[in-house]
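Taking it in order: structure first as C-alpha cells, then the write-up.
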C-alpha cells in the first residue's frame with residue numbers, strides 16, 4: 001500500500017507540478033500567471049488592459065513609480081514633522097518645499113507621457129502655484145533655502161556634465177568651443193542693447209547690462225537634454241554634447257563677468273570696487289576655476305585608491321564635496337563666476353584619470369549615483385525657478401516690445417551660432433541643433449532677479465535720460481520674464497535626431 005501511495009503521489013506530481021511546491025512557490029506562480037504583460041496577451045493591448053496591468057499588485061509602469069513617490073512623500077513628511085515640528089506643518093518652509101517637490105515630480109511624469117520634456121511641467125508647477133496668492137508659496141519659502149537648493153542642483157548637473165565630456169572631442173573642437181562661448185553671447189548682448197536703446201529708450205549702459213543677462217545660457221536646461229541624447233548615441237561621434245556643454249560653462253562666465261563690470265559702472269556713484277578690478281575680475285574667476293578644477297580633479301586620480309572595493313561610492317562623495325565647495329565657496333569669497341567652471345573642470349579632469357584606470361562610460365557606477373541624486377534635485381531646481389517667475393509682474397504694455405526685442409536678438413544669436421559652428425565637420429542639421437541648444441534661459445536670469453530689484457530700490461525715481469530709472473528696471477524685469485517663459489529647451493529641435 002505504501003508503495004502504491006508513493007506511486008500515486010508521483011503520478012499526481014507529474015500531472016500537476018504545483019502539487020509538489022510549497023505555498024510561497026505556488027503564490028509566486030499564481031501571481032506571475034495573473035500578471036502577464038498585456039503585450040504578451042495581445043499584441044495591441046487596449047487602454048483597459050494597460051490600466052489593469054498598471055494597477056495590479058505590485059503596481060507597474062509609471063503609475064507604480066508615481067505611487068511609490070507619493071508614499072515616499074508621506075514617509076518623508078512624517079519624518080520631518082517628527083524632527084522639525086512647525087516648519088514641516090502646512091504653511092511652513094519645509095512643508096511648502098516638499099509639496100512643490102512632489103507636485104513637480106508628478107506633473108513631470110505626466111507630461112513625459114505625451115513626449116513633453118518633464119522640466120517644462122516642473123516649471124509650470126512653480127509658476128502656477130506661486131501665482132495663486134491664497135497658497136502663499138512665495139511667503140512660505142525661505143529665500144536662503146531656495147537659493148541653496150538651486151545651487152546644489154546646479155552642482156549635481158555640472159558634475160554629470162563634467163564626467164560626460166569627451167576629452168578627445170574637446171581637444172578636436174577646442175577652437176570651436178572658444179568661438180561658440182564668446183561670439184553668440186557678445187552678439188546677443190550688442191543686439192539687445194541696440195534694440196532697447198532705439199525702441200525703448202534705454203541708456204546704452206543699461207541696455208548692455210540687460211543684454212549680458214539675457215545672453216547667458218542655462219546649463220541646468222541644456223545639460224540634461226544633451227546627456228539624454230548622448231546616452232542614446234545622438235551626436236556622440238562628432239562630439240556635439242561635449243562641444244555645447246563645455247561652451248555653455250564659459251558662456252556663463254563671460255555673461256556674469258560682463259554684467260558685473262556694467263553693474264559696477266551703473267553704481268559708480270558709490271563703487272565697491274575700482275573699475276580696473278571690475279574688468280579684471282572675469283578673467284581672474286576663469287583662472288581660479290581652472291586652477292581649482294585642475295588640483296582637485298588630479299587629486300581624484302589617487303584618492304580614493306582604485307583597489308578599494310567601495311571606490312565608486314567614495315568617488316561619488318568626493319565629487320559632491322568638491323562641487324559644493326566650488327559653488328558655495330566661490331560665492332562666499334566673492335568670485336561666483338569661478339564656481340561653475342571649477343565644478344565642471346574638476347569632474348572633467350577626474351574623469352580623464354578614471355578612464356585611464358579602466359572606468360567605462362557606459363558602465364560608470366559613480367555617474368549612476370549622480371543620476372539618482374539628480375532625480376531628486378531636478379524637480380526641486382525647476383519648480384523653485386518657477387516660483388521666481390511672477391506672471392503677475394508682467395506689464396502687458398511692455399510684453400509686446402519685449403517679445404520683439406527677444407525675437408530680434410535670438411534670431412541674431414541663432415544665425416551667429418550657426419555660422420560659428422561651421423568648420424567642425426558638422427552637417428547643416430547638426431549646426432542647426434547647436435544653434436537651438438544655445439537658446440534656453442532660466443537659472444542665470446532668475447539669479448539676477450534679486451539684483452535688479454535691489455537696483456530699483458537703489459535708484460528709486462531718479463530720472464534717467466528718458467524716464468525714471470525704476471521704470472527701466474521694471475521694463476528689464478518684464479523682458480527677462482518673457483525670455484524665461486518662451487525660450488525652448490534643445491530637445492524641441494529634431495535636427496540632431498534626424499542626422500546620421
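Keep in mind that glycine also has a Cβ here, set from the backbone N, Cα and C atoms.
TrEMBL does not curate its annotations; it predicts them automatically.
TrEMBL lists transmembrane segment for one of the ranges 267-285, 286-304, 362-380, namely 286-304. Record note: among 42-61, 442-461, 442-461 is the stretch given as transmembrane segment by TrEMBL. By number of Cβ pairs under 8 Å, the transmembrane segment (286-304) is matched best by 316-349 from the list 66-83, 316-349, 399-422.
The transmembrane segment (399-422) shares more Cβ pairs under 8 Å with 177-200 than with any other stretch in the list 147-165, 177-200, 316-349.
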